[in-house]
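Asker: Would you mind keeping the following structure in view while I ask a few things?
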Amino acid sequence: GWQTSMKSGSLSYILPCNRLPVQLMSQVRVYTSNGQKKGLGSEDANRSTPEESQNKAGTGRQDTSSAGQKQSFRKDPIQVKVKAVLKKRDYGPKYTQNNFITGVRAINEFCLKSSDLDQLRKIKRRSPHDDTETFTVYLRSDVEAKSLEVWGSPEALARERKRRKEAEIKYRENLFRNQRLLKEYREFFGNTKPRSSAAAMFFKGPGKVVMVAICINGLNFFFKLLAWVYTGSASMFSEAIHSLADTCNQALLALGISQSARTPDPSHPYGFTNMRYIASLISGVGIFMMGAGLSWYHGIMGLLHPHPIESLLWAYCILAGSLVSEGATLLVAINEIRRSARAKGLSFYQYVVQSRDPSTNVVLLEDAAAVLSVAVAATCMGLTSLTGNPYYDSVGSLGVGTLLGTVSAFLIYTNTEALLGRSIQPEQLQRLTELLESDPVVRAIHDVKATDMGMSKVRFKAEVDFDGRVVTRSYLEKQDIEQLLQEIQQVKNLEELEAFMLKHGENIIDTLGAEVDRLEKDLKQRNPDVRHVDLEIL
């Protein structure tokens, strides 16, 4: 029985699969006791037995049906399509070590010398700008290793960075001061010595208006104080306090003007222009507390405890002189605001309400209130001298306090609005938006904001949906198409395809960056007040 050869027919298995059936054809091989191997379908006629013949006869029909099934399965060969997919990369710290860094940035950030970079590997990169040649970059990992070799440890490198940062801040301040001095030399060369940068701001524009107001209001305070001591008039006391408040507030404005000219630093990257609004806001609060508060207090005390008033002749003379001086300062402020409003294309009222120049606005409103308060004080003092009733003088003090409170409330409101960051005029914003929308490279823009940062400085922000086809076409127009076609034809495998796509993909991103720079430049040319442009790519 061990020497009897055995044969198994074809076995068909259909395994479950979610895509296609798979047929497995298996053959059973049987080894006899004498070590001979027989395969499926092999038949030895010399050693066949009668039992085997009967089995063949009995299973002949089954073999025929199995052969038919085998032929039917073999008619439709199975075709499996394999999709080539790039292996997903892990962009960890090891990958970012291959980032490039320019020579200037390597020297500044890692405190190296140009001679230190000569020993490192150099790589030529194409500039995204048309008018700039290729530039040399270095691997960041090489630069970091060189910096540790030079300085010995990360702690020593950090200390050197801190020292250089302090030296850079000091250098920028000196550079800014020297630039202002050179400007003064060019303006006054051969006539007089150059003025300091702080003093030059007070000889023109808002600084000139503030300095004139300080001098006049200081003299007015001195003479009004003498008149109050001589007459004891409550209205004259209110006028003296009013002039003192104006003098102090305008000195604060002068401080704000000088501080606003400071050069930007890392802690204040957008500069110190808002110092003028802060000074104006504090000035408004000072007018309310010192001017209006003391005037109300003195008026109320005059109503509760009236006392006769001495000769008012000197008081009238001082009020007349104050009216002339305050009126002169008011005219200076009006002329300055008219000139600035004309340059901005705004009306006088719009320029004042929008607080375009906070320092000049404060002088204008304070002097206007001073002229009106002189008229109110003179009227009430005249009624007192005619009727002999001291209550009119106290009412005049209350009127001056109310006028000062109104001016201070207006200054607080306008300067608070400016500090909160308001939008520019709708017409200006519409022109900037149309400039972006009309550009072929822009598909759509969203979330457009244009904030007035004060003192003719605007920050523009928008989310831009760029048209990738136009950007790519702009890149292709600068390439040799025949050479590009040859590069495509030389691609034979996935690695070469990946290298080709990475090369030109990076160049297209550089082209997109150049388009962003061009749009920012166009926006600044359309509106010179736009100093900062933030375009976010969607």
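Keep in mind that glycine also has a Cβ here, set from the backbone N, Cα and C atoms.
Annotated coiled coil per TrEMBL: 478-522, in sequence order. Marked as compositional bias 'Basic and acidic residues' by TrEMBL: 40-54. Residues or ranges marked as compositional bias 'Polar residues' in TrEMBL: 55-71. Feature annotation from TrEMBL assigns domain 'Cation efflux protein transmembrane' to 210-420. Feature annotation from TrEMBL assigns region 'Disordered' to 35-74. As annotated by TrEMBL, transmembrane segment applies to 209-230, 277-300, 312-334, 368-388, 394-413.
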Asker: Looking only at the recorded stretches 277-300, 368-388, 394-413, which one has the largest tally of CB-CB distances under 8 Å to the transmembrane segment (312-334)?
Answerer: 368-388
Asker: Near the transmembrane segment (209-230), which residues from the same chain, at least 6 beyond its ends, have a CB less than 8 A from one of its CBs?
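Answerer: For the transmembrane segment (209-230), the nonlocal Cβ contacts are 202, 236-237, 239-240, 243-244, 246-247, 250-251, 253-254, 257, 310, 314-315, 318-319, 321-322, 325-326, 328-329, 332-333, 336, 359-360, 363, 366-367, 370.
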Asker: Summarise the model's confidence over the coiled coil (478-522) as a mean pLDDT value.
Answerer: 88
